[in-house]
Structures are given as structure tokens and as C-alpha cells.
């Protein structure tokens, strides 16, 4: 049977349950920190909110932050039984903890001695004092005690009623707060779902990051050494920074001084601007003067070339090749010029002995001496650079607008092709006049570009074989097929001549010229003769059309540069038996000698100022007529062999060159617009 509870204990038990509602703090998370908590903390926050909605059990959540009511001591019953205050049934775990704490904190009172049967227990005293014992028969005393206790309970009840009213107000506020918390709980549940999804994604990212962490840890070990080096470097940089700071302060002081000086320099700048304007005017004036000096240079250059002669003849003697017989001493002599041995030679003496001639006494006749005079004579030891140095100024005249034509004349094997194109193998020391001339023109054109001139160069390479013009630059299946090429005027009323179906290739560098020369060597007509294993049986004509323009002054100039390698000038032996091969050589020789004779007649006609010049008698003179007239500058190299066996052909070549050297062509005029 359950022991009876004292009314006072029941009231105090209810007080223990209701009092914590007064000052219960909210356990909800702050709005700014709800997203900073983890998944486990979020669930802990939501758990108390679920418990707050359970009715009376919600009140137990607030007991931890309010003072507990004082513990009530046990009151002995009248029947002699000791009763302890009964714990309310429907309390949460925190309420049970509070009751247990109260019971632990109570000091155990002295044991009440067991009453004898038939005696009443004395009423207990309130206020924690030990009640005095009353006999069982003292009912009046017990009644008085109960009345006093009842009075105290009534006063306590009034106080509790007031507290109850306050608690009801607080309860309503708590219910409103619970409603708000419920809405917030639903919001947090949605956020929890989203956070869980993010957590799953985070788990995947965590796995990736774990692998990345392992990799980074490996790199970290490598970087630690680098960090130490960087720390040392940081110390050095800090020291350097202090130095730079010191320098910066100094520079700031200097800057302030400079700013002070700048204000004083404004007037000087204004004066300098006026001076700059004066200098610009002076520069323009000097530009005009420079242009005038350039025109004067061209005039003086042309005058110098005219003083040397618009048609000049150089003689070049090739050296004795390996395997050839050495000529006798005194066969060729090169007398010194008027200035002594340092003066370049201009005379050549050739000694010829005739065994058929003799004296009356039968002694052979002394050798005959033949003296020749030219503008310049190059002995066998002369190099290609020395030869080109003599004609470099003549080549530059083509840039000034004067037509220039350079011939290489002589018998087969006298070194004409070597003089014009150079030797095989690409050795710079043996380069001929053609690659050297174009290199010189490109260089001078580059220098003149600083004065406003722009130049363009177009090259062609043809040969005249048996009075047929053939293109030496024809590629593929057209190699050597020059029968379709004809010499025509560029247009109605134009004096410029072109070769139809021939390639005209723009060139701008030395490599392009080398490629054209290599192709021309493969296509040129050659044959074996008595003087040479591979004799050129045609006249090769390398033409370079030069066009210059000065856009700032509206000036234009243009002129051709012709570099001609003539075929061998040897004569046929009339007593030679003619076979099938010799007949072909005979036709070639006849065509060569005919064109060379026409060249001599044209030069003589120009020298004699004849009204008719036979340009059309030969394809060679017809193609070169614009470079042979009075407005052109012409130079002929007569190449001779140093061998005594070729003395007859050498004399014929020297005599022809002497006649050309005696010719005087009119004053050259530049082709300008």
C-alpha cells in the first residue's frame, strides 16, 4: 500500500516542477552561427526542440539555469512511519537529477525512535527545526501544531498563487516561443536535409582531397627545403629592402630637389622648343642639301666614268692551269705604268717567233714583239676581287639610271665564263662578276633607302645559240627549249626590248641569284672542242632590270645591267677535214663569228656616228641595242691564254679589243623621269 503524502510535500513537489519555467534560457542556435555548426551539433540543437513540445515535460528543460527550491525534510507520520517526499511521476531526466541532487544534499537527521503502540507522534516543526515530541494523547497540542503549519501553508499558497500567475504568463510566452521554434525547427530540418546532401558531396570531395592531401604531403616534403632557402632569401631580401628604403628616402629627397629644379626648367624647355623648331627647319634645309649633294655625286660619278671613257677595254690573262706546258720566259710582259711598279699596268707585250722566217745566213729570225695598250691589264696573278674592284663604280652607275653592258671576249678556254660567273664549289674567293655585282647593288640600294630611294630588281638569263634565243631559266620540260623566244618591244612606242616566253624573276638577295646561276649552267649549250672539254657554244646574256623611285620627291630612274659571256672567238682551220661532228661545230663557229663581227661593226658605226647602225644583223646586238648606244656605258674584258700554242688566237683577240678601245661613243645620259 502506497504511503500517504503530506499536502505540504505535494505542494512543494509541484513547486519544484513549475519554478524552472520562470527564467529558462532559449537553447536555440543563434541565426548567425547555425550554418557554422557541424552535422552532429545541428542534431543536438533539434533534439531539445522536440522535447519542448511534450507538454509538462518541457518544463524540466529549464531547471539547470534556475535555483532549486530548498529541500523539504521528512516529516514523521502519526502512525509512526517515516515518509520521504514523493518524486513526481511525469518528469524528465533532468527533474529526476534535481530530486536526486536534493536528496544527496540533505543531511541525514537523527533516527526517530520507534514509537510505542498506541502513542501518537509529535507534529513536526516547520522551518527545518526538529519538532518536539508530543504524546499521543496530546491532541490539542498536535492540533495547534497543525493550525500553525496550516497558516504557514496558506501564506505559502498565496505566494504560490502569485507565482503561478506569473508562471502562466511565462507559459504563454513559452508556448509562443515554442510555436516560433517549431517553424524554425521545420526550417532547420530543410536546412538539415540540404546540409546532409552537402555532407555527402563533401564526403566525396573529402576522398578526393585525401588523395590530394597525400600528394601535397609528398610535395610538402620537397617544398620544406625550398622554404628554408626562401627564408634565407627572405632575410637577404629584408636586408635589401632596408637598403632600398634608405635609397628611396634619398631618392625622395632628390626628387624634391628635382621638382624644385623642374619649376626652374620650364622656361628652359620653352626655349628648347623654339630651338627644336629652328633645328627642324635646319634639318629640312640640310635634307634638301643632302639631296642636292647626292645629285651632284651622281653627276661627278658619271663625269668620272666619262673621263675614263664610255667604252673601255680591260685585258685579263688567265694563269697556267695544272697539266699545261709552261710558256717560255719573256713570252708575255707587263710593263709598269707611268707611276712606276705601284701603278696598275695598262700595257701588254707579246713576243711571237716564226720558224718559217729566217735570215740569209739561215739563222732563225728574232721573235716579233706586239705591244698593246688598254685601260687596264690584269696579269695572271690577279684575283676576282681585284677585277671587280675596278668595275664596281661602273656597276653602281646602273643604280643612277645609266645603261651598263659588260662583255667577256676571247677564244675558247681563255677564262671568260670564270670571269663572269666564277668557279665551281661556291668558294667566295673565286666568285665571278655577276654575283659580286648583284651583292654590291643590293648593298648600295640598302644605303640609299635611308635617303628615300626604293629599288626593285628583275633578272633574266638567256643564250643566243645559232642565232636562236633560248631561255636558260626555263624549268622542267622546257629546259633548253628556247626556240619559241623572240625579241620584241615591250609595248607600242616603247624603246625597251623584252624576250617573249622568257622568265623574268624578281630578286632581292644573293641566294636567289646563286640559284639562277646554277640553273643557267645546267641549261647552257656546251660542246667539246680542241681547246676546251666543255666549251660554251653560245652567247649568254644576264640582264638585270633596275627600277628606282624617290616617293618624297617624285623621282624615278631605271636602267638595265647586262653581263655578257660571249662564245669562243677562235677561227676554223680551213685545211681541217670535216666529219659529221665537225660540220655541227662549223655551223656553230660561223654563227658565233658572224655575231662577233656584227658587234664590232655596231661599235664602229657608233664611234663613227653613222646614221645606220646594223643592230638587226645579229640577235646579240639587237637584244643589247639599248645598252650599246650613246646613252650607255660599255666595258669589254678581252681574255687571252698564256700558252704559246694559242698565240695566234691571242693576237686576233688583242687586235679586236684594241680597235674597240679606240672607239669613242657619245656622252651617256641617265634614264630619269
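Just so it is clear, glycine is given a Cβ too, placed from its N, Cα and C backbone atoms.
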Per TrEMBL, the range holding region 'Disordered', considering 106-135, 136-165: 106-135
Greatest C-beta neighbour count within 10 angstroms, which of the binding-site residues 411, 412, 414, 417: 414
Candidate with the highest Cβ count within 10 Å, taken from the binding-site residues 410, 413, 415: 410
